[in-house]
Amino acid sequence: MKFGDNLEDSTYEPWKDNYVQYNALKKQLEQGLNGPNGWTERDEGIFGQTLDSDLTKIYAFVNSKFEELQERTTKAELRVATFQEAYNQKALESLTAAISEITDEVNQLSKYCRTNYAGFLKIVKKHDKNVPYKLRPVFMVQLKSRAFYNVNFDSLVVRLSKLYHTIGAESLPFGTPITPSTLTGMINQQGLDRRSFKFWVHPDNVMEVKTTVLKHLPVILYTPRGPGPNNSESLDPSLSSVYLDNSSFDLYNTKLERKEGAQAIRLRWYGSPSNNEIFVERKIHHEINKLGEYHDRFSIKEKYVDAFLKGTYTLDRQVAKLKEQGVKSPAEIEQFQELVKDVQKGIVDMKLRPILRTVYNRTAFQIPGDNRVRLSLDTDLCMIREDNLDGVTRSGNHWRRMDVEYPIGTKTAHEQDMTRFNYAILEVKLELPPNKATPAWVEELMNSHLVESAESFSKYVHGVAVLLESHVALLPFWLAQLEKDSGRTPDAMRGQLSADTPSISRANSTAEIESINSRRSSVVSRAESEHGPALSKGKSRSMDVVVDNNYGGPYGTAPRPGSSRASSIKKGFGFKGLGGVFKKSKGKDSRETSPLLGPTQADDAVPQIRIIPPKPKKVVGVLKVEAKVFFANERTFLKWMNFAVLLGTLGVGLFNAGDNIGRFAGILLAITALLTLVYSIWLYERRLTMLRNKDPGPYDEPVMPTLMCVCLLTAISLNFYLKSNVKSKP
């Protein structure tokens, strides 16, 4: 779909005169380029004036509209303050309508900013592509000076959330900011066992998701400790986590494969790195329901983190302080001690070190003290390497690198060590009683066009797969899904994979990801051997260079027939290599082509070098079971049962109507039928359980069909053998 048509569809009718004149600017380009003198300086001046006029107009409109929305929100807050004193149903309806109107316009203003920003970039790109004058460098400076697209709507979202839940049905008071420690106190310290659903949200839909949720749940504010203002304008929504792992990436592999008991250990803080309160968190995966997760954490001061990771610092002082205060029971204190010791022992024993940092802005929605429904929306996700691998010192001996400046801009000095995830991540956590249904508005949101399911997505797994791809043997399945989704908008998923990675179809994503892994890898070393193929060594090397002396020995001599060197190199079998099977063999003087050396003669002393692609990396994915698979299992069971009944009928008939030989064959057939019937029931139940658990298999059954054939063959052979040996009566 062309951007001009998309702009018309996205235009908010009351503001239609305040959008970028994309079609008019495009028409100016076409008329100037098609003019008798081509594109002149006069055309460039007119185009630049129109563009600058639109930028000034939009910048002024956004500022005035944002101020207007703030004033209207302030008036609504004053009305709410007097509303409780003079309750009136008509006044309540009027106030609710006013707040809803403000919410809708906030959503529309967010879309307006994104649409016009995209329009400016599109028209400037089209200009620079067709015109000899380069406008982009100058225009980007002007755009940065009037950055209408960087409006922060978080303060308005928080204020509207308070308004909704002050006049709401539950009559909640104005929300009080909640610290991470307070929130931790609300959570059962023994851990949470809840259902969790993850979704990707396109940047264009982020504000609409926020305005949808805030009508039902209030916004939680994470307040830093210490003096200072704690209002929505002063709070820093950023959240940072440093994930730990070892050089073998054991935690990465177990989490990617979703094994029972897979752990993720991270160090988390809220706001800027100057925050002194660090939370040590551990998440344990439950395989029982595929969605459960056991989550517990405790806090530690930043200056003790390094010693804690090395095992030289314990939290004995904090435990003694808890005992003196008497706030917690002895059982809770003992449980806290066990948690700390268990986490520290795991870090020391597994030699865990900082690997990856994730930084993002979180907006959380939850009724304070009520864990039944909780939603979190993470935006501006950035993943940064913290490891010291590849001979590069990043975090060093410290638990986190100190050269990362907050807030993280679009361009930093460490772009080679980071990747950005341009989708927002919505997580829905439910902790409902067994007989309590999911709220209708939550179901509607999860099934709407605003979100896309990302059930097994993990920030840590994605960051490692993209930034440390050469150090791991497994890749997540959603990389193919992201590459497919990137086609929806040109700039939607920029930075997810390397630029030379081709698009992947969702139908055969696994096979094509494996192909991508081979193509993205580079030849990092070349090994030679006189007695056979020389394979490159090293963990970071992804392709092997093989020296083939089949076209001449080390000194031009022919190889020995039947030697291992002559048979070690084989052409790969596939659709591309299939034609080589039918090619005529070339003569002795025919020329061969080497991928690295070019044409070579058969009697050349120079060996031929071939590149053997590495073994493709395994892609770990979630098995999606459709309804027809269950029906196929039932049909298979019925086929087995049908065969068993037919065989049993034949056996019983032979037993009742035949002689001794027939009875013997009938017994064998009847026993085979009974075993087949019992086995088919067991096989049906086994496969049904595997399908319900989304077990990847295997589902084939090579044993029983073979056994049935042997039994039938035995029964028929014995029958013929015995019958042929019976002498007929004269």
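The backbone N, Cα and C atoms fix where each Cβ goes, glycine too.
Nobody curates TrEMBL annotations by hand; they come from automatic prediction.
As recorded in TrEMBL, the features of this protein are as follows:
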type	residues	note
DOMAIN	1-141	domain 'SPX'
REGION	489-567	region 'Disordered'
COMPBIAS	498-510	compositional bias 'Polar residues'
COMPBIAS	511-526	compositional bias 'Low complexity'
TRANSMEM	637-657	transmembrane segment
TRANSMEM	664-683	transmembrane segment
TRANSMEM	703-722	transmembrane segment
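With a threshold of 8 Å between CB atoms, the same-chain residues lying at least 6 positions outside the transmembrane segment (664-683) that come near it are 637, 640-641, 643-645, 647-648, 650-656, 658, 701, 704, 708, 711-712, 714-716, 718-719, 722. In this model, the domain 'SPX' (1-141) carries an average pLDDT of 88. In the domain 'SPX' (1-141), the DSSP tally of helix, strand and coil residues is 117 helix, 0 strand, 24 coil.
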